[in-house]
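TrEMBL annotations:
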COMPBIAS  B:165-176  compositional bias 'Basic and acidic residues'
DOMAIN    B:1-143  domain 'HTH marR-type'
REGION    B:149-176  region 'Disordered'
Protein chains: 2
Amino acid sequence: MDDPGPGLRTVHRLRALTVELDLLAASFAQRHGLHPTDLRALIALLDAAREGVPATPGRLGRELGVNSAGTTAVLDRLERLGLVRRTRDPHDRRRVLLEVTGRAVELGQGFFGPLIGEVAALVEGLSAAERAVVEGFLAAVREVVARHAEGDGNGNGNGDGDGDGDGRGGRDAEAE
Amino acid sequence: MDDPGPGLRTVHRLRALTVELDLLAASFAQRHGLHPTDLRALIALLDAAREGVPATPGRLGRELGVNSAGTTAVLDRLERLGLVRRTRDPHDRRRVLLEVTGRAVELGQGFFGPLIGEVAALVEGLSAAERAVVEGFLAAVREVVARHAEGDGNGNGNGDGDGDGDGRGGRDAEAE
DNA sequence: GGCAATCTTCTCGCCGAGCGAGATAATATG
DNA sequence: CATATTATCTCGCTCGGCGAGAAGATTGCC
């Protein structure tokens, strides 16, 4: 029962949150006859649709970290469930374009909707300053995680005390 | 593109963060010959060890949402890798106690160490007030997520939570 | 134009993670 | 002491995901 510093305590809280979210996603997926990967794929496709990025099997597979064969299987399942439709790209007929159906959007809403609503309400109950703190924190953490994810192939030599010292520098690195 | 309210933007950021964390965990696992479930199991076991909670296959399986057969398989793999050791509980000899080896601790440090260090530093660079805001936000979100997880028909009583302090609540869900 | 290199997706065969059912051993309960 | 309960493990099976490679389309080079 050590008492870690406030930093560690917060880290721990954050991790607990992600665990909770994962469990929720897994149980939701199972309840709808989906596998965790299917749900991840669906989310990626919904995101792409929302952002207007054309979705293809290749891109999806890369995002999911799944083989092309596996990607085909995922899409077969999603298509069989009526959540995704495959159409050939008229401009490059090697490609297949993926479009999510209305049903997929509904499903996504069913999963995220209430959750998003509550959390959003929670955020909107904060003052502007508080909100800025939270957003800055999230963006900063994500930036850290992304950096670690990149230096993945080898022994990342980052234990060297990057020294950041005060972690409040410029964040909001990028848009998603 | 569309500009959702500040609430939605924050939600989106949070989700992006969890996705990033998942990918990192997956790639780390793969790099070490582990499966995602193995890594989750290892983390759960390390947590239990840190908190002084006795770890058993049954409890682990419940936390992971995995069958008893699957749990045995997970433990076989971890044991073969020299990360976990099984010993019979002398007080209740049906039980098997799980202890993580030093190697497992090292592995955990290798994964979380640098990340935790940076994020912790980041948190400690915040003022006390800002820290309170962040912690409050994380706790509130987690509470919301946990509530939804309950209503999701998933009976797994993962009360792990923040880890320091509360622990054995005793409210295990076996509503099924 | 024709031929080769390249890209995208899908098919096939296989491995193994995780499930259901049931076996086995130890502990509680009457 | 017999019986129910708890904890873990074994067996057989399904099916998600991987590697290899085929098939169709495009681009580049001569």
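Each Cβ is built from the backbone N, Cα and C atoms, and glycine gets one as well.
No curator has checked TrEMBL annotations; they are predicted automatically.
Averaged over the domain 'HTH marR-type' (B:1-143), the predicted model reaches a pLDDT of 90. As a summary of secondary structure, the domain 'HTH marR-type' (B:1-143) carries 102 helix, 11 strand, 30 coil according to DSSP.
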